[in-house]
Structure formats: C-alpha cells, structure tokens
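Colleague: Provided herewith is a single structure, encoded as structure tokens, for subsequent inquiry.
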Amino acid sequence: MGLTLKAHGKINLTLDVLSRRPDGYHEVEMIMQGIELHDTLQIEALPGEIILTASGLPVGCDENNLIIKAARLLQQFSGTGWGARIHLHKEIPVAAGLAGGSTDAAATLVGLNELWQLGLTQEQLSELAVKLGADVPFCLRGGTAIARGIGEKLIQLPPAPKFGVILVKPSFGVSTAEVYQGLNLNNLGRRPDLAAMVEALQTGSLAAVSEQLANVLESVTLRLYPELQEIKETLARAGCRGVLMSGSGPTIFGLTEDAAAAAVLARQLTLPGCQVVATAIF
Ligand SMILES: C[C@](O)(CO)[C@H](O)COP(=O)(O)OP(=O)(O)OC[C@H]1O[C@@H](n2ccc(N)nc2=O)[C@H](O)[C@@H]1O
Ligand SMILES: Nc1ncnc2c1ncn2[C@@H]1O[C@H](COP(=O)(O)OP(=O)(O)OP(=O)(O)O)[C@@H](O)[C@H]1O
C-alpha cells in the first residue's frame, strides 16, 4: 500500500524582516501563498531503511535531501521500526525561492505519519517541521497565510483569488543564508504594508494586490544580480500586473488575471537561459 502526494511550491506576496536574532535567524513578517506548481512524491512503507529515487529536474538523493532528513527525524521522534521507499518527481525549480525542498519535506512528514500510523497531530508535525527549515511549517498547510517568528508562526487567511502566476528562474541559484546575512536592517528599501495586502486580497482585485507586493530581500539579491531587475522589467512590459522576487530569490514572479493569461504570456516571453513556468495561485 502506498501514497501519492502533491507537494506545492510557494511564493511570498509580502516579505518584511523585523530584526536579527542572536542565533543568526531573522524575525520576519510575510504573506505566504501556495502555487499550483508541485512536485509529486510516491511513498511506500517498508521495514527499516529509507530509499529515495528521483526523476524530473535534477536533484541529489543523498542524506542532504530534505526528504531523507524529514524521514529520519520522524523515525527518531517516533521510535518506529518502519522505513520507506520514496520516489520524487521534481518539477519545482531548485534553489529558487519557491520552497521546493521545504514542501517535499512537509509532504514526507504528512505521508509517513499516515503510512506508519503514528497519529501525530498537526501541531506535533509543525514542531518537527520547523527543525527542517523555516518554510516547512507553512508547506504542511499551504494556502494563504501570514507567517511570523522565523516563518513558523502561522495565521491562515481565506483562500486568495486564483490569479495566474508566471515564474522566471534564472540559471543560477542563491543561498538563502547569504541573502539574509547581506541584509542592512537600516536600509531595506520599500517595506510591505501587511494590513493593506490582507485587505487587497479580500477585495479580489489584481490591481490592488499587485500594488501591495513588496519583499525586502530584493534589497540584497537584486544588488547581487542586477539582471533580476531586467527580468522584472521584461515581465512588467509583457503585461504582468504585479512583479516581485519570491523569497530570497532568484525567481521573479508576475501576476495575471488567471492561469490562461499566464500561459499565453509565458509563451511570448524570450528570456534566454531562464526557466519560465506558467502556473496559478493554489
Ligand atoms: C526566504 C524564505 O523562503 C521566505 O519564505 C524563508 O525565510 C527561508 O526559509 P528556508 O529556506 O526554509 O530557511 P532555512 O532553511 O530554515 O534557513 C536557511 C538560512 O536562512 C536564514 N534565515 C532563514 C529564515 C529566517 N527567518 N531567518 C534567517 O536568517 C538562516 O541563515 C538560515 O541558515
Ligand atoms: N527535496 C529537495 N528538493 C530541492 N532541493 C533540495 C531538496 N532537498 C535538499 N535540497 C537542497 O536544498 C537547497 C535549496 O533548495 P530549495 O529548492 O529548497 O530552495 P528554495 O526554493 O530557495 O527554498 P526556500 O524558498 O525554502 O528558501 C538546494 O541546494 C538543494 O540541493
């Protein structure tokens, strides 16, 4: 008996950094949004060992993969004798700011909790999730949420309007740690207005949501990679209403009225060396 799970990526509609903590992490305040684009995990329980294989976009299957880390953490926490055979089909660009690894880890926790019949609550899973990464607790639930703390304190919001989303991932990846380290907390650029974005989402207006998009991590990543500014301008010229970098980058996303509009627009874009994906708010 096995399970097939969809592990959805995310974008950040707003991202603000409030302070640096003594442990090097940062207190954030952001609105996280799940997207249709997803990886697929096929999981089967078997005694003892954890075996991971992968297809689709290239990704390592060794002990550094967050799927293995999530499975081992759950084995240790529960003391179970079970193991698993897991196949990952990777479609979310890697090291992109789209929580690709985090969402695989979250799906692993959910899938193994069920297959191993551990009966852990959502809260217990969330406590394990944050040990794997700041984005993993959000990925357990998905949808639309305000995230605070290091990203693990979540307030679920009503589902967002189903806008289309175009993702543009340049050929390089970025290190999230480096981006946070590069922040000058006294010079963050334009900061988001959380309450205004929550209100904009309630109106359902693409124009209102687009106006409130803001991510202070752009102050670091766009300085390191000026070509990202050009990608933003290309997306805006092509007709995307709102354009922003997701997470620590380097993926730039653009919003359209719906998924069909995103697909049409994505086909018209010429961005050599970039992965361009048309998807939608999930
Ligand atoms: C940029 C975002 O993706 C926005 O959703 C997240 O804040 C980062 O989430 P993530 O990649 O799951 O983060 P982790 O894997 O836990 O942390 C990677 C590194 O990012 C930095 N980090 C992460 C989250 C946070 N609130 N403050 C930080 O300073 C830390 O240096 C950490 O070593
Ligand atoms: N299952 C996985 N899928 C993708 N990357 C993984 C996975 N497990 C470990 N990694 C490693 O994690 C690193 C970050 O990749 P990931 O795709 O999670 O980044 P990200 O989209 O920037 O994440 P976030 O938005 O949470 O910061 C990569 O260097 C990759 O090798």
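Glycine too: its Cβ is placed from the backbone N, Cα and C atoms.
Curation does not apply to TrEMBL; its annotations are automatic.
Annotations for this protein, taken from TrEMBL, read as follows:
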type     : residues                                                  : note
ACT_SITE : K10                                                       : active site
DOMAIN   : 65-143                                                    : domain 'GHMP kinase N-terminal'
BINDING  : P93, V94, A95, A96, G97, L98, A99, G100, G101, S102, T103 : ATP binding site
ACT_SITE : D135                                                      : active site
DOMAIN   : 197-269                                                   : domain 'GHMP kinase C-terminal'
Colleague: Near ligand 2, which of the recorded positions K10, A95, A99, G101 are found, taking a Cβ distance under 6 A to any of its atoms?
Modeller: A95, A99, G101
Colleague: If I take the alpha carbons of G97 (ATP binding site) and K10 (active site), what is the distance between them in whole Å?
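Modeller: Counting only the Cα atoms, the answer is 8 Å.
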Colleague: Taking every residue in the domain 'GHMP kinase N-terminal' (65-143), what is their average pLDDT?
Modeller: 97
Colleague: What's the most sparsely packed of the binding-site residues P93, G97, G101, counting other C-beta atoms within 10 A?
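Modeller: Output over binding-site residues P93, G97, G101: least Cβ neighbours within 10 Å is P93.
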Colleague: A95, A99: which of these binding-site residues has the highest Cβ count within 10 Å of its own Cβ?
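Modeller: When each Cβ's neighbours within 10 Å are tallied, A99 tops the list.
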Colleague: Anything within 10 Å of D135 (active site)? Look among the recorded positions K10, P93, A99, G101, T103, comparing CA atoms, and list what you find.
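Modeller: Near D135 (active site), where near means Cα within 10 Å, the recorded positions are K10, A99, G101, T103.
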Colleague: For K10 (active site), write down the residues of its own chain that are at least 6 apart in sequence and whose Cβ falls under 8 Å from its Cβ; none is a fine answer.
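Modeller: Counting only residues 6 or more apart in sequence, the Cβ neighbours of K10 (active site) under 8 Å are M32, Q33, G34, I35, L98, A99, T103, D135, F138, C139, G142, S246, G247.
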Colleague: According to DSSP, does A95 (ATP binding site) fall in a helix, a strand, or coil?
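Modeller: Note: A95 (ATP binding site) is coil by DSSP, not helix or strand.
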